[in-house]
Amino acid sequence: MSTDNGGSSESDPSESFVQGTDDDEPRISFYGGRGMSAFPIAFFIVWAIVQTAFWRISDEGGLVVGILLGLIFGMFFVRGDWKTYANTIFEGMTQPVAVTAIVAWIWAGMFAQLLQDGGFVDGLVWLADAGGIGAALFPAVTFVLSALFTTGIGTGYGSAIAFVTLFFPAGLLLGANPVLLFGAILSGSIFGDNLAPVSDTTIVSAVTQDSDIGGVVASRFKYVIVAAVVALAGYLVAGQFMGGLGIGGNARQILIAESEPIGLIHLLSMGVVIGTAVAGRHIVEAISWGIVVAAVSGLALGLLSLGDIVMFNAPTDAPLGESLEFLPILTVVEDPDAVGVGGSLINGAAGFFELAILVLLIIAAAQIMIRGGAFQAILDWSIDNLATNVRNAELTMVGSAALINAVITINTAAEVAIGPYISKIGERFNLNGYRRANILDGQTAALGYIFPWSGGVLAGYSAMQELPGEYDWFTADMLVTPIDVVPFVFQGWLLVAVFVIAALTGFGREYIIDRESEEVARV
Amino acid sequence: MSLLGKYFKGWRFRDTTPSLEKGDVIEVFVAESNSATEGHVYVGDTHLIVEGAGPETVEKRVRVRVTEFDESSSTGRGEFLEVVGESSYTS
């Protein structure tokens, strides 16, 4: 930590955390010109591509090191006092955008985990089984159920894993085409990642474009549903023509083993969150209601125990451990490594801790780029050469968001990095916050699940690799190679197409004078 | 707006050059200013020159009263009233 911020007599806190200035001059000067202020972000993007695309390491911790090193190396190019550079890092990290997103993620993470632990997917499995669906229809039905599930839990990665584990082997036995089936699962993940109010990318798209999350969800429905209707038709038609592997065997056995109709109660938990968020309640309030409904209904119906929600694992020498072990939330464990707090709430929240740190640092690096002038240089160049009118501006927004998401595996990180650019280009033409957020998140959700190095594909593929160990009949040649699925992620390709068409035709375009997005619920 | 209304708002094809009327008071972002007294506002491809919106208002949301508007060229003039908000990212 910089000593400049702590207690010295000449230190002025207001100097360290300036929120905006009116001067046009860059505040930090770099050797090599203002373009060098993009060094930390550029270093991070190169690191992220090498780590996640070339080496297939989808580890947020590694990305944190990438951005930290970028920030450290960037400092060596600063002319004069490095204090301003250090202070700008703090200035970036204390922007409301970062904290709003982080708080919403942590709430969403707890909710998502409760739904997963509370048997939501088992309810959907029951629905698929009860419908008695055949091979040709199975991909289309999988798409719908995966979309529904992801809209409830918000995380497309989690949904891809759950559906590959349960629906993929059942579909194969039924005779559905494996590539089509994997594509349908990923398409459902895209649908929900894009539309769920508890999705990390939905939250980032709303807060970076200064809009309320509920309003963003309602306004993006039109793009998502147009793409989804065509995608569904695609899976119905392709399901008729693309044959399966002809394994034989009893698919119902797999489905019945994991089938639990009562899990469908979480449609209610999900409805509560979506309804309250779209009705304009603060996202923390909306998700809190969802958590309450999911926990109470899960406990009442026996889907969850108190210990599943929160469990204290105490060591044997804890003074009040054994005497209070009768409590449903306390266990005494022999293994010292098992000591800790577990359960849905902590597991759900903890899933976002690394991402939270990563996002704080990316926003800090973006602020360096803004203060150093590189951001303005890129913006000026874009305005002169690309975003010359509103149609081109929207196409530029679609293209830039698509490009960065196509190259960076973890789509939330890519979205945070491109957020300020989308905001400035859109504000110049007075496009309202909803339209900007929708353009940004459409590409983020879509491109995060298409390419072999995309996070969603990797998550699903890694779950698939476990299947040969799980089932005797499942052989390694039944695995879908990630490159093969690329053309069959219909929802992804269609969503990008919908936004290109929307930019060209003005479908769904809204200006600030048409409707102002409600203010994002700041925390 | 009702819950359902929010879902069905904006299902239309919006023009690149929205029209304004004289006397309208709108809240918009100022794109640029190349003199001390005039700012440029773009609502889509509609161009408004705003008197009184100097460089200090660039990338701020301001309230503007439309004083002239030519439908055929989608251009007009306006009068700066006050600053009402900031950009999502302050530079």
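Residue numbers in this text run from 1 along the chain shown.
Glycine residues also receive a Cβ, built from the backbone N, Cα and C atoms like all the rest.
Curation does not apply to TrEMBL; its annotations are automatic.
Pulled from TrEMBL, these are the features on record:
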type: COMPBIAS; residues: A:1-19; note: compositional bias 'Polar residues'
type: REGION; residues: A:1-25; note: region 'Disordered'
type: TRANSMEM; residues: A:37-55; note: transmembrane segment
type: TRANSMEM; residues: A:61-78; note: transmembrane segment
type: TRANSMEM; residues: A:90-112; note: transmembrane segment
type: TRANSMEM; residues: A:124-149; note: transmembrane segment
type: TRANSMEM; residues: A:161-186; note: transmembrane segment
type: DOMAIN; residues: A:208-493; note: domain 'Na+/H+ antiporter NhaC-like C-terminal'
type: TRANSMEM; residues: A:223-249; note: transmembrane segment
type: TRANSMEM; residues: A:261-280; note: transmembrane segment
type: TRANSMEM; residues: A:286-306; note: transmembrane segment
type: TRANSMEM; residues: A:355-378; note: transmembrane segment
type: TRANSMEM; residues: A:444-464; note: transmembrane segment
type: TRANSMEM; residues: A:488-507; note: transmembrane segment
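Counting Cβ pairs under 8 Å that are 6 or more residues apart, the transmembrane segment (A:61-78) and the transmembrane segment (A:90-112) reach fewer than 3 and are not in contact.
When Cβ-Cβ distances under 8 Å to the transmembrane segment (A:90-112) are tallied for each of A:37-55, A:124-149, A:161-186, A:286-306, the top count falls to A:286-306.
Outside the transmembrane segment (A:37-55) by six or more residues, the chain places 26, 28, 30, 62-63, 66-67, 69-71, 73-74, 77, 362, 365-366, 368-369, 371-375, 378, 404, 407-410, 413, 417, 453, 455 with a CB less than 8 A from a CB of the stretch. Highlighted: of the candidate stretches A:124-149, A:286-306, A:355-378, A:444-464, A:124-149 has the greatest count of Cβ pairs under 8 Å to the transmembrane segment (A:223-249). Across the domain 'Na+/H+ antiporter NhaC-like C-terminal' (A:208-493), the prediction's mean pLDDT works out to 90. Below 8 angstroms of C-beta separation, residues 52-53, 56, 58, 156-158, 160-161, 163-165, 168, 182, 185-187, 189-190, 193-194, 199, 201, 204-205, 401-402, 405-406, 409-412, 414-415, 479-480, 482-483, 485-486, 489, 491-493, 495-496 of the same chain, each at least six residues beyond the ends of the transmembrane segment (A:444-464), sit close to that stretch. Long-range contacts of the transmembrane segment (A:261-280) within the same chain: residues 111, 114-115, 118-124, 126-127, 130, 148, 151-152, 196-198, 212-215, 217-218, 286-287, 289-290, 293-294, 297-298, 301-303, 518, each at least 6 residues beyond the stretch ends and with a Cβ under 8 Å from a Cβ of the stretch. Non-local neighbours of the transmembrane segment (A:286-306) in the same chain are 104, 107-108, 110-111, 114-115, 117-119, 197-198, 214, 260, 262-263, 265-266, 268-270, 272-273, 276-277, 328-329, 344; each lies 6+ residues outside the stretch with a CB under 8 Å from one of its CB atoms.
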